[in-house]
């Protein structure tokens, strides 16, 4: 009876985690709408999307029936996440005008795909029980899950330096926090250290991002307003200069 109740609660929490994870994967949509409208990736970093891609692919392998049975919810959401991250990275490559950065991103994606293929093949060939396969892939998954949550640390450094959260998307940080909480809860029904450890740490990383956002939100508004005001003044000065150049009386010479 108790076991059945725990299983039911675990499934409910798992489905909730799937929904929150989907919001996490879709949270960068406003960022990419901005990139599309401006026709440039500006200072946005590809690191979070590269980290999330490798993380999702590892968890898909972890959730396979021949690796870790009864993990359908893990496979479905991470398979969806893999597809979404590929779309994001494709858009990033399209709107990235830095050739070196584009090549670097493509090489990293290629390395990630080769790595996943190699890990899958080796685990299935060398490890002969699901328990051993789960342990090997689970340890790898922990590392990449922590990497996914820690990926925005470089952006956090930029935030502290510039005192602006303009390039640290709020919804991505919020969704990461909710996702970490949900999957940490899921990992305790029953206890799964491979899910609990990275998502527990991820919750802390995401909370740090939200605290930074709260700290520098007002200063960001001031910085953006000052930038727009400077642009308007520059535009007005250009209009005045162009108007003076077109004035025939000022340009005419005395007889």
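Cβ from N, Cα, C; glycine included.
Curation does not apply to TrEMBL; its annotations are automatic.
Positions annotated as transmembrane segment by TrEMBL: 12-35, 47-67, 73-95, 107-129, 135-155, 167-189, 195-217.
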What stretch of 12-35, 107-129, 135-155, 167-189 shows the most Cβ pairs under 8 Å to the transmembrane segment (195-217)?
167-189
Looking at the stretches 47-67, 73-95, 107-129, 135-155, 167-189, which one shares the most CB pairs under 8 Å with the transmembrane segment (12-35)?
167-189
Give me the stretch from 73-95, 107-129, 135-155, 167-189 with the greatest number of Cβ pairs under 8 Å to the transmembrane segment (47-67).
135-155
